[in-house]
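**Student:** Annotations for this protein, taken from TrEMBL, read as follows:
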{"type": "DOMAIN", "residues": "41-289", "note": "domain 'G-protein coupled receptors family 1 profile'"}
{"type": "TRANSMEM", "residues": "26-48", "note": "transmembrane segment"}
{"type": "TRANSMEM", "residues": "60-78", "note": "transmembrane segment"}
{"type": "TRANSMEM", "residues": "98-118", "note": "transmembrane segment"}
{"type": "TRANSMEM", "residues": "139-158", "note": "transmembrane segment"}
{"type": "TRANSMEM", "residues": "199-220", "note": "transmembrane segment"}
{"type": "TRANSMEM", "residues": "241-260", "note": "transmembrane segment"}
{"type": "TRANSMEM", "residues": "272-291", "note": "transmembrane segment"}
Amino acid sequence: MESWNTSSEEGFILLGFSDWPHLEPVFFAFISVFYSLTLFGNTVIIILSRLDLRLHTPMYYFLCHLSFLDLCYTASTVPQLLVNLSGLDRTISFGRCVAQLCIVLSLGGTECVLLVTMAIDRYAAVCRPLHYTTIMHPLLCRALVVFSWVGGLVNSLIQTGLVMAMPLCGHQLNHFFCELPVLLKLACEDTGGTEANLFVARVIILVCPLVLILGSYAHIARAVLNIKSMAGRRKAFGTCASHLVVVALFYGSAISTYLQPVHRYSEREGKFLALFYTIITPMLNPLIYTLRNKDVKGALWKVLGKGTDSA
């Protein structure tokens, strides 16, 4: 049997989508377009949030961090996937694999907590509108963002450490990046104890934030139903709908991947599901938040108008 030490010397081979060689050029073209749109859309959100004073609010402060997080998340996996699809290099060193695993888990955990902070912001805006500016003080907003990043990193270090402590047999990963369930399938020993510890860590970073989000929106729904005018209800619902869509997309794919036992994890299905939460969701987030958002649209037209005038 090949040991963990051997893996650390030789690294891994990422099989990616080599089972479908005739589809790799198609995947390469589509993923390149989606990646470009992701970079463009999230960068625009960050720039607009900085330039336009109307977007200097807690909601857009959190959205700016979400866009930056999505940029980091895609950058940690997609460039390597494109190299893999081109057939130039399917290998990854042990050190890079561990670093990638830690970064992906950290960014995913950060998004879990960040979505909670955004739900708290919406709760304060809808349920406590008269005290909103007092509750969502800039110091509190910064503290919540710092807690999101630190919480995601700590949880990631715990999960990465648990996986690194296991001996691995083999060097072929049937995925396009170092995904945790795929690494667990290479384990040379029984993973029951490790899986139990990992499950606890995942519940803390996935389920607990989701419960808080659902609890916040239960209070929001009750507050919205108490609004007598239909126009008021539409406005209150409009401020929350975008966030709910993002929560559903993110948690739906994350729970499907990380909250199932390793023996039930399908590597073939997992690769396509990973495409969804590493590429599709980060690309859709800017669209979801801007399509029905007058403030962002107004800021965009204002910036474009300035550019036109200066030209």
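Keep in mind that glycine also has a Cβ here, set from the backbone N, Cα and C atoms.
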**Student:** Would the transmembrane segment (60-78) and the transmembrane segment (199-220) count as touching if the test is at least 3 Cβ pairs under 8 Å, pairs 6 or more apart?
**Tutor:** no
**Student:** Determine which residues of the chain contact the transmembrane segment (199-220) at the Cβ level, with the cut-off under 8 Å and only residues 6 or more beyond its ends counted.
**Tutor:** 108-109, 112-113, 115-116, 119-120, 122-123, 126-127, 151-152, 155, 158-159, 162, 236, 240, 244, 247, 251, 254-255, 258-259
**Student:** Cβ pairs under 8 Å only, please: of the recorded stretches 98-118, 139-158, 241-260, 272-291, which one is richest in them relative to the transmembrane segment (26-48)?
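**Tutor:** Per the Cβ under 8 Å count, 272-291.
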**Student:** Give the nonlocal contacts of the transmembrane segment (98-118) in its own chain as ranges (CB under 8 Å, at least six residues past its ends).
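**Tutor:** Same-chain contacts beyond the ends: 59, 62-63, 65-66, 69, 72-73, 76-77, 80, 92, 141, 144-145, 147-149, 151-153, 155-157, 159-160, 163-164, 177-180, 183, 205-206, 209-210, 212-213, 216, 243, 246-247, 250, 254.
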**Student:** Take the domain 'G-protein coupled receptors family 1 profile' (41-289) and average the pLDDT across it for me.
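**Tutor:** Looking only at the domain 'G-protein coupled receptors family 1 profile' (41-289), pLDDT averages out to 89.
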